[in-house]
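**Student:** This is the structure I want to talk about, given as structure tokens.
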Amino acid sequence: MYFRVLLTPSSAMFDSFSFVRRLSYSPDLGRRIYGHVLPSHDQIHQRLLEICLGQCKLFKSRKVFDEMPQRLALALRIGKAVHSKSLILGIDSEGRLGNAIVDLYAKCAQVSYAEKQFDFLEKDVTAWNSMLSMYSSIGKPGKVLRSFVSLFENQIFPNKFTFSIVLSTCARETNVEFGRQIHCSMIKMGLERNSYCGGALVDMYAKCDRISDARRVFEWIVDPNTVCWTCLFSGYVKAGLPEEAVLVFERMRDEGHRPDHLAFVTVINTYIRLGKLKDARLLFGEMSSPDVVAWNVMISGHGKRGCETVAIEYFFNMRKSSVKSTRSTLGSVLSAIGIVANLDLGLVVHAEAIKLGLASNIYVGSSLVSMYSKCEKMEAAAKVFEALEEKNDVFWNAMIRGYAHNGESHKVMELFMDMKSSGYNIDDFTFTSLLSTCAASHDLEMGSQFHSIIIKKKLAKNLFVGNALVDMYAKCGALEDARQIFERMCDRDNVTWNTIIGSYVQDENESEAFDLFKRMNLCGIVSDGACLASTLKACTHVHGLYQGKQVHCLSVKCGLDRDLHTGSSLIDMYSKCGIIKDARKVFSSLPEWSVVSMNALIAGYSQNNLEEAVVLFQEMLTRGVNPSEITFATIVEACHKPESLTLGTQFHGQITKRGFSSEGEYLGISLLGMYMNSRGMTEACALFSELSSPKSIVLWTGMMSGHSQNGFYEEALKFYKEMRHDGVLPDQATFVTVLRVCSVLSSLREGRAIHSLIFHLAHDLDELTSNTLIDMYAKCGDMKGSSQVFDEMRRRSNVVSWNSLINGYAKNGYAEDALKIFDSMRQSHIMPDEITFLGVLTACSHAGKVSDGRKIFEMMIGQYGIEARVDHVACMVDLLGRWGYLQEADDFIEAQNLKPDARLWSSLLGACRIHGDDIRGEISAEKLIELEPQNSSAYVLLSNIYASQGCWEKANALRKVMRDRGVKKVPGYSWIDVEQRTHIFAAGDKSHSEIGKIEMFLEDLYDLMKDDAVVNPDIVEQGSLDCV
């Protein structure tokens, strides 16, 4: 009754978390609480457990419980009952209770129950650890690693237990690359020197055959514990360096560390492998109470070393010590008995296996079969084989080897045929399920293996298996293989055609998808809604209005035009092709208004007419159709202009009023995009701060991109740093965004750090990311880094890559390199574009290659048919003017018949200033001021011309005009990285802490310039350099 009182809802004493947690250890406690009469496997254990619990002797209770068979099965039954009871009583399953329930199901290996409970939780690191531990224990390493990545994506900070679980998985799978990434994360979190995490790292590197790395990690651990030492010398053992392992063990003992049980067992095993059986026995004798693992090592080790009699002796000594044998113990001693062919001892061990309930174990059964076979007792072996209901390939092989050993070849073939025919009952439904699993996990290798078995079993012509194979290969990225399977299929149904057409649409190969769709109809296969939807999606991708209309006609013919799914796809196709009128017609023809079809039409209106979209939204509310998150996200995205910010804010209010959360990634990014695109940066930042953590990578990237697009580059970089501090791993879109920010800020140090992170995260560099890196390095002045990224690109078929490198060389003064890259580009048959020629002409201008510049300009127009833009002409004017061809530059401007543009006169004005052509310069400056009266550079250059002529009155008058017009000189800025610190300089600003040293250095430079006649001494003395 006491326990029943604890379960009443009114009782304040009920600690649901502690209770559920204990179920993993004491299911009998739960059985007594609920009063269920659940028969125990061993009534004595049950009674002992009840007595210990009644006396609150929990330690003894646990010891008794650990000896009870089938305790996990009992724990699961009781756990489900307690979980059900907590739901009935209305107990909140969040927090510690929820974690405890997940932990219970995880420890009982109930994957589906654990995942369902986990999905309902507000997850913390404890829940994640339970799931990771479960996936690890049931042998699903892929799940472990993917869940670990999801943990980071959900911005949950892992703890030492998390790292330990994932590192152990990496160790088992020898996935050293993923392990290194985890190592980097641990370094960032400052956990690599922790003995717990350090030990896991040592173990991972050791098991991945990176013993040198394991040793380096070990030496970094502040205070290595016994586990760390054990992992290290275990690593040396695995690496085939047993002598070094023994040295580590001896050093461990010399430094005062008491080896734990695992250490003893590992070193004993090492001694045995080295053939030092005497040392192994001496060390084994030092163990106060060796457990079954230690005994197994001695039995197995001596048996493998040819000391079968000693191994058998250790087995019987173990029995005298009251240590219970395991299947490994029995397997090892049976192997030794088989070698000595001592049937009497074999019978004793067989009796022991029956007594322990292990005779039905497949491993023990295989050992028994092997032992009897070697004792030439195949009848006894056959009895063991037949007695076992569940057989695996090991068991079958043991019998085959037994008959072979005894020369019964006909029995071998008979058993082999039985094994193939009835041993494994795998049919087409089984293979379909297996292939579906491969498709979902994108496991092409496993799928290919199943395909081989299917071929051998002649199931490849089965329609269901064929469809599953096409789907598996397509989803695993092997579309050509999927097509081959498709072409070889004798029978095809709608599922077959839908699968292959949808695969090509997904691969963005719309032309092939259209061809297959036509072929399908020619074969007389009636299209269904799924097939039409896939084909219409292809039409949408290429804006194929003609093909879309054909599909529309076919849908009418098939009677599917009024189908909701097909109708929505038609609306989407017409909208994205810009035919909103036809989209509205399709919408009106549908039998009822649904949120799906309305969303499609609202999306169409949003792209073409925001006002119509708002009207349709209001009509939607009037008709009683409740908008969804997609509805709001679609219409909010359309409010991307400053004038529509008010409307967007009103929709934001509607979202909140209707109970929709901005936490959702799709809706959240839509709102943030709306605010930032309409320059509502304050509102965007406020919304972002309100979103709960962990925030997704999409939201972080959106904030960076929005700030960058609005010119807030430093703020964008701050968001990136905050994101990294929160433990969120960037993706390719994030890298591209933040690298562009580094380009604008000329932040080479940050750019290099991001490049390094891309490398360490093992991201494949696509063309976009590579081009952005090339541009970043170039704009930061590091052409070596830019060239290296370019050289490492797998494919350089995109003109953007070449343009980035050419312009980088040109702007950094490496004209010869720019021209060489231009020649290489043409030799690689890459067609140059306008940007290419602009970069090459810039290079010619900086290097004074007037003749080459003229030829390239003519090549652009004559050979490649590219019309000269103002930028190209301005570049040519700069080239001619910079090197003294002022008259030709002036004539060149007049010959182009272009609309007057400030860039042309600005280039000519700069050239006149350099070569002292004051008359032409004055004319150019006046034309420039006429075109751009607010451009301060024109006034400054003209003022310098007046100053050089000594016309101070004109210069002062010009400055007065600047003041009257409100024209202010825009200060120039520069960023310089020195010793990992970015220094920002602005023209006219003397607030830098080292300004004194800077001015002294500038004076020295001025003196050198005067001595070399680089500048006119009179100009320097008059201080007119300050105006430039």
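Every residue gets a Cβ built from N, Cα and C, even glycine.
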**Student:** If I go by Swiss-Prot, the feature region 'Type E(+) motif' sits on one of 112-142, 794-824, 980-1010. Which?
**Tutor:** 980-1010
**Student:** How does the repeat 'PPR 7' (291-325) divide up by DSSP, counting helix, then strand, then coil residues?
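**Tutor:** Secondary-structure breakdown of the repeat 'PPR 7' (291-325): 26 helix, 0 strand, 9 coil.
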**Student:** So, by DSSP, how many helix, strand and coil residues make up the repeat 'PPR 4' (194-224)?
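**Tutor:** Counting residues per DSSP class in the repeat 'PPR 4' (194-224), I get 23 helix, 0 strand, 8 coil.
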**Student:** Could you give the mean pLDDT over the repeat 'PPR 20' (731-765), rounded to a whole number?
**Tutor:** 85
**Student:** Taking a Cβ cut-off under 8 Å, which residues six or more beyond the ends of the repeat 'PPR 18' (664-694) line up next to it in the same chain?
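**Tutor:** For the repeat 'PPR 18' (664-694), the list is 153-156, 629-630, 632-634, 636-637, 639-645, 648-649, 652, 655, 702-703, 705-707, 709-710, 712, 726-728.
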**Student:** Within the same chain, where does the repeat 'PPR 5' (225-259) have neighbours whose Cβ lies under 8 angstroms from its own Cβ atoms, ignoring anything closer than 6 residues to its ends? I mean 6 or more beyond.
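**Tutor:** For the repeat 'PPR 5' (225-259), the sequence-distant neighbours (Cβ-Cβ under 8 Å, at least 6 residues beyond its ends) are 195-196, 198-200, 202-203, 205-207, 209, 211, 214-215, 218, 266-267, 269-271, 273-274.
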**Student:** Give residue numbers and ranges for long-range contacts of the repeat 'PPR 4' (194-224): same chain, 6 or more residues beyond its ends, CB-CB under 8 A.
**Tutor:** 160, 163-164, 167-168, 170-172, 174-176, 179, 182-183, 186, 231-232, 234-236, 238-239, 241
